[in-house]
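Engineer: Sending over a structure as structure tokens; questions will come in a sec.
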Amino acid sequence: ESRERLSVCSKLCYAVGGAPYQITGCVLGFFLQIYLLDVAQVDAFYASIILFAGRVWDAITDPMVGFFISKTSWTRFGRLMPWIIFSTPFAIISYFLIWFVPDISTGQVMWYLVFYCAFQTLVTCFHVPYSALTMFISREQSERDSATAYRMTVEVLGTVLGTAIQGQIVGNVDTPCIKDPFFFSLTNSSVAMEELNMTHDTESLTDTRNAYMIAAGVIGGLYILCALILLLGVREKRESSELQSDEPVSFFQGLKLVMNHGPYIKLIAGFLFTSLAFMLLEGNFALFCTYTLGFRNEFQNILLAIMLSATLTIPFWQWFLTRFGKKTAVYVGISSAIPFLIAVVVLDSNLFVTYVVAVAAGISVAAAFLLPWSMLPDVIDDFKLQHPSSRGHEAIFFSFYVFFTKFTAGVSLGISTLSLDFAGYQTRGCSQPGQVNFTLKMLVSAVPVGLILLSLLLFKLYPIDEEKRRKNKKALQDLR
């Protein structure tokens, strides 16, 4: 049979579609916590509620969108593309409003909660169909793997863009902090904070707040550009995912079949804990750099070093998994983060060492980006061989994979922000109490290392190795 080749242009246009989700997700992951605490001046307890509720709602919307996609009829644009078209403008509006500080004395928490949840819903309407599109651009496994590598490279580049745009625009504005040695010795910190805020001019935050809105506008423009490139450059092929014996199966019957598929559950379990580890690191790294390491004016550049390193090493991991297999790449790639996560808290605060650790950690971040999305199509192919009469469940696989990782990430980020509140986090403080610094060290080092070790144990149970993958590919060709 002649192989169904994808042109480099098609792969690039497909890959660009993954950038909006990663750009906005990276910015929200790295900057939303510190924005709520130090710029919008939301109490740490309420900030934890916003982060927790937003992430959990984001997780819930994934299977909901997956369900509605499965019920969507094919149009001349495809079954997935209309979701991407109609969600984009509303997503940009809600994203901008997340970074706007409303001039209201009450209801500020509800403002951020509503627009954070709204944006998560709308970006899900973009990303779930986009993820499932992997199965509709080609029926050739090697072509899908190649397109996935292009996509992961662009997505990591998207995180670089998001980090660079947000970090450089916001980092060039000096956010004022409160210097008061007596401040931290007060037992009733919330009352003390309220009194001190009244004595400090809130107008001093105007430049910082404007910088956040400018960054949101630039990122919104990139979101539109990437969506247009995807829509104009990629054709959704209905026949790419269908087998000769396909018959439609109901959503809930398909969901039951998917959740009973052993390789899928084992893959989810392994990457669940890996995602948790990197989510905790992402959510607390800005605070860790600012307060524990003392690099208040450098944290955005350290984040940029991590993302640049990850971008440059994506091609290496694509070569590595092709040469040595995907399971081997998981063990080597993800475990390589452990010594650097330990070193960043054990070594004395040193800017040069921190940059070296950041670059090295980015190598592992690249593996964590690439491997889940590269291995998931193999699981779907294995499912199709076991259930040749079932079709149209690609969105279920992708949406529930994202659901489990987002739900647990929401719980972990909510708990981590709440932990900072219990440790005595001081809003707009130039420094933090020792308990806060200790808590930040646990959240970016000890807990992620434990989660990574647990995930590596779970990957031992994953059954699809290179030999199994080759057999599945041959069997699918015969079935088609």
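Quick reminder: no glycine exception, Cβ is built from N, Cα and C everywhere.
Residues or ranges marked as transmembrane segment by TrEMBL: 12-32, 80-101, 113-137, 211-234, 264-281, 301-321, 328-346, 352-374, 395-418, 438-462.
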Engineer: Counting Cβ pairs under 8 Å to the transmembrane segment (264-281), which of 113-137, 301-321, 438-462 comes out on top?
Structural biologist: 438-462
Engineer: Counting Cβ pairs closer than 8 Å, which of 12-32, 113-137, 211-234, 328-346, 395-418 has the most of them with the transmembrane segment (80-101)?
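Structural biologist: Checked against 12-32, 113-137, 211-234, 328-346, 395-418; highest Cβ contact count belongs to 113-137.
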Engineer: How about the transmembrane segment (395-418) and the transmembrane segment (113-137): at least 3 CB pairs under 8 Å, pairs 6 or more apart in sequence, or not?
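Structural biologist: With 3 or more qualifying Cβ pairs, these stretches touch.
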Engineer: Per the 3+ Cβ pairs under 8 Å rule, pairs at least 6 apart in sequence, do the transmembrane segment (352-374) and the transmembrane segment (328-346) touch?
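Structural biologist: The answer is yes, given that the two segments have at least 3 Cβ pairs within the 8 Å cut-off.
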Engineer: Which one, 113-137, 211-234, 301-321, 328-346, has the most C-beta pairs under 8 Å toward the transmembrane segment (12-32)?
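Structural biologist: Against the transmembrane segment (12-32), the leading stretch is 211-234.
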Engineer: Looking at 113-137, 301-321, 328-346, 438-462, which one has the highest count of Cβ pairs under 8 angstroms to the transmembrane segment (211-234)?
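Structural biologist: Counting Cβ pairs under 8 Å, the winner is 113-137.
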Engineer: Report, as numbers and ranges, every residue of the chain located at least six residues beyond the transmembrane segment (113-137) whose Cβ falls under 8 Å of a Cβ in that stretch; write 'none' if there are none.
Structural biologist: 6, 10, 14, 17-18, 20-21, 24-25, 32, 49-50, 53-55, 57-58, 61-62, 65-66, 69, 78-81, 83-84, 86-88, 90-91, 94-95, 97-98, 143-144, 147-148, 151, 227, 230, 234-238, 240-241, 373, 377, 380, 394-395, 397-399, 402
